[in-house]
Every structure is written in structure tokens, then in C-alpha cells.
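The signal peptide annotation in Swiss-Prot covers 1-26. Taken from Swiss-Prot, the feature domain 'MRH' covers 108-230. Taken from Swiss-Prot, the feature disulfide bond applies to Cys110-Cys123, Cys181-Cys216, Cys196-Cys228, supported by sequence analysis. The mannooligosaccharide derivative binding site annotation in Swiss-Prot covers Trp117, Trp118, Gln130, Asp182, Arg188, Glu212, Tyr218. The annotation N-linked glycosylation site is assigned in Swiss-Prot to Asn177. The region 'Disordered' feature in Swiss-Prot is assigned to 261-355, 372-452, 511-548, 637-672. The compositional bias 'Basic and acidic residues' annotation in Swiss-Prot covers 263-281, 294-310, 320-338, 372-386, 394-409, 637-652. The annotation compositional bias 'Acidic residues' is assigned in Swiss-Prot to 414-435, 663-672.
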Amino acid sequence: MAAEVLLSSLLGLLFLGLLLPARLTGGVGSLNLEELSEMRYGIQILPLPVMGGQSQASDVVVVSSKYKQRYECRLPAGAIHFQREREEETPAYQGPGIPELLSPMRDAPCLLKTKDWWTYEFCYGRHIQQYHMEDSEIKGDVLYLGHYQSSFNWDDETAKASKQHRLKRYHSQTYGNGSKCDLNGKPREAEVRFLCDEGAGISGDYIDRVDEPVSCSYVLTIRTSRLCPHPLLRPPASAAPQAILCHPALQPDEYMAYLQRQAESKQHEEKTTEEVQDTDRQVWSGSKAAGAPPKKEDVSPAKEEKESELWKLQGPEEQAAAREEAQAGEQDLNHEAAADPAPSPPNDFQNNVQVKLIRSPADLIRLIEELKAAEKGKPSVRREQPGDDTTEAPQREAEGTKAKGKDGEPPGLMEEEDGDDEEEEEEEEEDEEEQQLLGEFEKELEGMLLPSNRERLRSEVKAGMERELENIIQETEKELDPEGLRKESEREQAILALTSTLDKLIKRLQENQSPELVQKYKKRRVVPQKPPPSPHPTEEEPEHRVRVRVTKLRPGGPNRDLTVLEMNRENPQLKQIEGLVTEVLEREGLTAEGKIEIKIVRPGAEGKEEDTRWLTDEDTRNLKEIFFNILVQGAEEANKERQRQSELESNYRRVWGSPGGEDTGDLDEFDF
């Protein structure tokens, strides 16, 4: 892969840079093996170019991509001066020793591993055998690769000085005096290395690999969770990768042309912004002019003065100051309002204006629901006749009481009721039109929202509720005493419990909204409820709940075709991965729906499937966190990582200063 080739060349130049300056100055150069084993690097291809040849710093390396684009890459400070703070003394550990931690393996069943023709059997503290099996029976001779002889002594001064076991973080045993070797006539011997593997607590101890570096001399690697409590054998915390920043290096004329394009683009952007602002001002001034209330021709000047004074009362203080004048002219205003009702004041119009900012489809759906709820209450509100003052209603009621006829109805309001009926009919017609428009808009919106968009909206709502729950938890922690939720574990348990409850509530909401989706969801559900205990339990039930398929792509052949290798179902590492996924699903209350694909890109190793480890120790340790991020935290982080990878690919394919202008590489090539 192109990115890996670029990173490998960078590291090669880095190591040469560590050696060459020392030789030129007469010093002694050395290659830090600890740096190679424990330091990680990550390359970042940036879109911002620089003028080539201007930097003469020792931490800048010039490389070229496969598209012949030159880059100036700045190495991190840790690559030049590797300083790691670590305690050379043994950490304070009061638990059992390494032999005591491994002693339960003596009573456990022997471990088996089949590789090609041979099957290897390891019995802790006793022997290692090699034989061929057919139909679960041993065929032919049984060869002993060695009998137990000794175990590594961590307290020995010579062992402390070597630091081999401490750096590699493994415990070893020596097995010797095995069967006679036909090639050299010496007895066979073997070294057994025990490594901590926290995932082995689910799948059990297993033989990871069997190597034969020298004829009839073997190395067995066994992974177990029994050694993980010991600080010397526990894997170190994975540090963040050291970033190697690479900028495209341009020639002086190319760089000046780039600066010219940037200046022109900035000017165009500023001009566009000014035009938009001018347009907004014109629209705003036009809306103000259109919104001005028209003058009435049949209103006297004294009435206009009173109304203008009344409409000028915008703040609460001005309303209180002018309340006496309003009461003084109350009767005149009431008579005039009965003859010619005044329009609603602009102050009320401004107070009734509501601004809705729609940032996502979820906000749009909520706005539609609010409009529906508001439409239901409109007819009853509109039927009430608005008055100019609160005392108007009692006055009209008193007048109506005096003027009641024999039938108990005000005779003077008969004609007004006819007019009200006509207004109500017009309002009902308007409501029906609004409801019809709203229904059509909602249907179009439902047609636009695909099922994937609905799921995304639900995930956004869930993420927002989780953030609110996080805020509630933080406020609770502040209010409680110091002994409340101090422990991080209690806090995590509370968050997980709330998240699980939230997931159940969302499922119930889905069931109430769409019964058809519920039936489809039940059909697609992969994790069934626990069946009643049967007299003959089968071991195939967990495979129906969660199935993990691990494949490997390796270029091979004259045409560099990709060879697809699939991990065997009997591989202990596959069972370990399935156990991790099942554990995350059960703890979070989630269901195994659909398919999740995770790509791990790293330099490939030569050899057959059995000779290479599918996942590194770091991949296995981080796999649980990867599943948690994808299943629990939603697709936000995944989208960010996908966008970052896309930007890296685009920046890598970009070729500056090509004859036809800027160009890009072949989009069909598999780079990352």
C-alpha cells in the first residue's frame, strides 16, 4: 500500500539520520531497539504546500509519492531524542509470583494445536509431544519435543541485566532431553513463552504459534490471562502515535502561483460576503416598509394621534406611564372599536413572532408536530372576539343584559352573529387548506426520509439524550458529598445503566410508532431470548447469536492479485473476538443487527496462514474498544474517521504543478 511504503521509507531515512550525523561528527551512533518496539508513528499528509528547499533543519526529510509528488516531512521530537520515563525498579506488587499464577495450568487439560500435518500437545510442567492424528486417533510415532527442565528466574541478577524478558514481557520455561533428532543426532529441545492475553479469559489458554528457528529446536508461544495481574507481564498502555507531518514541496514559481490563487479566492469570498450583506439589508428595509400599518381615511386626526401614542408604547415602563391616558380615553376608544375595530398593535406582533432555527431533519419534524398541535387549538381561540381593553367585556355584558328580549338573546347582536358565522366559515376553510398543505408536506418529507435517515435521526436523538444524561450525572456529582460518585467505576456503571434504559425507551417508541417495523425487527433480530434449559444443550447456540468472520487480503502472483484468506472457525483468537463482541452487546443491552466491517491496515507479513498471527497484540487489546465505539457511541466517531481517511487519500493523490495544472492520481487504486 502506498501509505505504508511512504511510512516505511520515512522510518528508513529516520534511522539513517540517527546514524549518519554521529559518524560525520566523530561520535558513536546507536539504534534504540526499545524505540522500535514501543514507539508508534502516524503519518499525516496535509494539503497546505510549502516552498521546497527552504528548511535545512535536521528533522525534515524529503520523500516522494508514487505519483512523483515531493513532500517535506517533519519528524516528531520523540524520533530524534527518544526519552521514556520509566521506573527501573520493580513496581510495588504484593500479589502472588509468576510461578504461583501459572500453577493452575498443571491441573488443567493439555493444550493442543494442529499445524499442517502435525499436532502439538503441551502439558504444563511435564512434556511437549508431536504426533499425527487421523479421525481423532494418533497415527504413527509420538515424538517428544522436550521434558520440563527449568523456569526463568526473575530475581536472578543475570536475568535482570539482560532485560530481554522485561522488554518483550513474557515468561519462559525450558524443555529438553526430547526425542533424538534425525538431522543432527541431538535430543530435541523447546522453549515455551507465556504472554499475557486478557481476552484468553473468555476463550481459555491456547497455543498461539509453534516455530522452529533451528532444526529440532522449537519455540512455543502460549497466551493466557493468568499472567495479566503481574505488572512486569501486563501489556503497556498504548501511547498515542507520534505524528509525522508531510507538506507538499513546490518549486518557487509553483508556490507563487499557489499564493496568487489563494489571494484571488480570498478577494472573491469577501466580495460575495459583501453582496449577500447588501441583499439582506435591502430585504430587511423592504419588509419594514411593507409591514408599516396603512393609514385609515375615515379616522379623525384626534383619533390618529391617540392611536399613534398607543402604538408607541413598546416597553413595560412606557405602558405603565401611559396607562392613565388609555383609561381617560377608554370610553371613546370602546365606541370607536365597536364601529371600526383597530388592528392588533405592532408590539403584540413582535411579541408573538417566534423564530425557529432548523439545523437538522429532527428539528423540522418537531416543528411540524408543534404546528399540528397549534392548529388543533386555533378555532376556539379565533372564535373569541378580541377587545382593546379588559373592561370592554364587562361593559358589553352589562349592555347585553339590559337589552335582552323575551327569548333571552340580545336583539342588537343578531346581525353580528351572522357576520361571525361567515368569518368562522372562512377561518375553517383556511384551516382545512393549511391542514391539507401540512399533510402534503409531511408526505413529501416521509418520502424523502429513507429508512437509513430515520435510523440516523434516532441515533442523533439518542446521542442528544445521552449528553443530557451526562450533564445530569455531572450536576449530581457536584451536589453529592465527596464520597458520592467519586469512583470512576461507579460513574461508568451509572452511565451504562442510563444508556441501556435509554435504548429500551427508544425501542418502545419504535414499537408504538410503527407495528410493521416491529414485526420486521423481530424477524431480523439475531440475539434471541434465553430458551428454557434443555436436557441436551448444544454448543452451536452462541454461533447463531454472534458470528465473526475474519479475512485477510494479501497481494500475490505476477499480477499482484489479492488473495483472500479466512480465519479458521477453530482458531482460539476467533472465539476470543466473538466473546468480546458478545460481552459488549450483553452489557450495553444491544442487539446484533446487520453487519459491522472493520478494516485493519498494516504491513503484511510473508508466510502461510498458520505461520502468521492474524491480529497483533495491540489489535486484540483495542478490539473491545473499537466495538464499543461503533456499537455504543454511534456513528459520529466512525464518520469522523471515515472523513479523515478520505481527506488523507485526496491529499495523497493530489499532484501539484503538473503540466495541465493540478492533477490527481488514479481513484481506483487501493491506497489505504
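The backbone N, Cα and C atoms fix where each Cβ goes, glycine too.
The structure, with features from Swiss-Prot marked on it.
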residue	record	Cβ neighbours (10 Å)
Cys110	disulfide bond	14
Trp117	mannooligosaccharide derivative binding site	10
Trp118	mannooligosaccharide derivative binding site	14
Cys123	disulfide bond	15
Asn177	N-linked glycosylation site	13
Cys181	disulfide bond	15
Arg188	mannooligosaccharide derivative binding site	23
Cys196	disulfide bond	23
Glu212	mannooligosaccharide derivative binding site	12
Tyr218	mannooligosaccharide derivative binding site	21
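You'll find the Cα of Cys196 (disulfide bond) roughly 22 Å from the Cα of Glu212 (mannooligosaccharide derivative binding site).
Asp182 (mannooligosaccharide derivative binding site) is surrounded by 8 other CB atoms, counting those within 10 A of its CB over all protein chains shown. Residue environment of Gln130 (mannooligosaccharide derivative binding site) contains 21 other Cβ atoms, counted within 10 Å of its Cβ in all protein chains. Cα of Cys228 (disulfide bond) to Cα of Tyr218 (mannooligosaccharide derivative binding site): a span of 25 Å.
In this structure, the C-alpha atom of Cys123 (disulfide bond) lies 12 angstrom from that of Gln130 (mannooligosaccharide derivative binding site). Here Cys110 (disulfide bond) is positioned 13 angstrom away from Gln130 (mannooligosaccharide derivative binding site), judged by their C-alpha atoms. Within the group of disulfide-bonded residues (Cys216, Cys228), the Cβ with the highest number of other Cβ atoms inside 10 Å belongs to Cys216. In the three-state DSSP scheme, Cys228 (disulfide bond) is classed as coil.
Asn177 (N-linked glycosylation site) has its Cα within 10 Å of the Cα of these binding-site residues: Arg188, taken from Trp118, Arg188, Tyr218.
Under DSSP, the residues of the compositional bias 'Basic and acidic residues' (637-652) split into helix, strand and coil as follows: 16 helix, 0 strand, 0 coil. Secondary structure of the compositional bias 'Basic and acidic residues' (263-281) per DSSP (helix as H, G, I; strand as E, B; remaining residues coil): 19 helix, 0 strand, 0 coil.
In the three-state DSSP scheme, Glu212 (mannooligosaccharide derivative binding site) is classed as strand.
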